[in-house]
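Taking it in order: structure first as structure tokens, then the write-up.
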């Protein structure tokens, strides 16, 4: 027996590509060569040469494709798994006494189904193998997608497609390579996108269970490996979800094109056949293009909401927050379902809160979300580092939008104006410019805080401003006794107790002498009477929010100067300072006693 196996193994290794083609041709020509099927399957392996894999794949695909409608399901074929492999007609004549009980044709089809399942399994192994070339992966994925289309009587075979995505996510190969193929060839079909969302939701539920089990592991090494595997799977799921074209509110006809072709079968059905519709046919109509298009938004929502419940790595967390307001919220069936995720993100603080503000603002303004202490959290985000952050442009525009309402209390507007004014002393010149623009808009929108531009010092330093005092004109501070005292408390988090209404914007006045000329020139815009709204217009924050040293330098280089300051001397100066610059002082150079 061992010698026979060795002979077969040796013969397999010595096969040429021409002989392999002959095996495939014989298999397609007659059932008597059915024993070529397992031999061809043995060549589909990550260790086999690519040309042998492709040749065996094409032969087996051509063999199985016309037989797919006749094959039983995997569950029914499993009952015949213990039966022997069908043999050639000559062997059956010699060993007729060993005939297995039952219908030979049923047994044969069950065996074929088991070999088809094995074929799919080895194709998946080749697909995700690190030894496989990109061209081979493209061919293998195309073959598997053909089976997805044809195996289930013309309907989308979600089980095989789920196995494809599962193998891709769990593989060590970069997922971008597979996504490039899916995006260019298959994601344009509405049923492929539909079942991709369903598969992603299933994967997320599996990962949730594994995340819970990872927390219970006591061994540190096993725990680290489990967490690394979990993070890698989360990153791959995010890559898949971000590459799927989102559902559109009014999908065009081209977006309803289906990979499985169920729409064609339902439209070409004869009237007589309609009367004899089976339950299976009725189920296929439930997944018509129109039905899928209606359900797409629901599947999109379930997939994303389930994904956002996972313990996202910090880099994935930031990527999601940076794009969720554009790629996810407009396509959700109920955007309010994101309120828990966004409010938790906003409460974290730092750059995460800055990135969550955009989506949270959309839920508040467009979907009626009520968030207590929103302005207190927003006030806490005003730190010098936010003016050099990567997403500062979007944050500053949203900050201006959040302070746009004329119904805001005066103490709140004054606290933000004073906080920004204090920050202007410690941020780069680009930050001082955008702060000046923000304060300009605040003073124009809220005339009740215009007294901050020039306010006389108050008599009692211990008085705290209250909301009633700020809204009442008669409660404004009177005159004058303690010069140089600022009653604004920069460390106070309660906007009612900051003392901003009793302070002034003296920091802006210091910007008149800023070392950067654009800043000192721009401050003069606050000298206009902003209470006359008809003669003034709001500044566009987007014109300043992306500023930097480079943009300021570029603007100064392009600026045309009418009068250029010149230094003119009647005599060439012999020193940096003259005696008249420092009356009463003398500057002498000490003589060195020895020189080298």
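Glycine is no exception: its Cβ is also placed from the backbone N, Cα and C atoms.
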Out of 207-246, 247-286, 287-326, 327-366, let me know the one TrEMBL marks region 'Disordered'.
247-286
If TrEMBL is the reference, give me the range from 397-425, 426-454, 455-483, 484-512 marked as region 'Disordered'.
455-483
For the region 'Disordered' entry in TrEMBL, name the matching range from 71-101, 102-132, 133-163.
71-101
Integer mean pLDDT for the domain 'CCAAT-binding factor' (353-523):
83
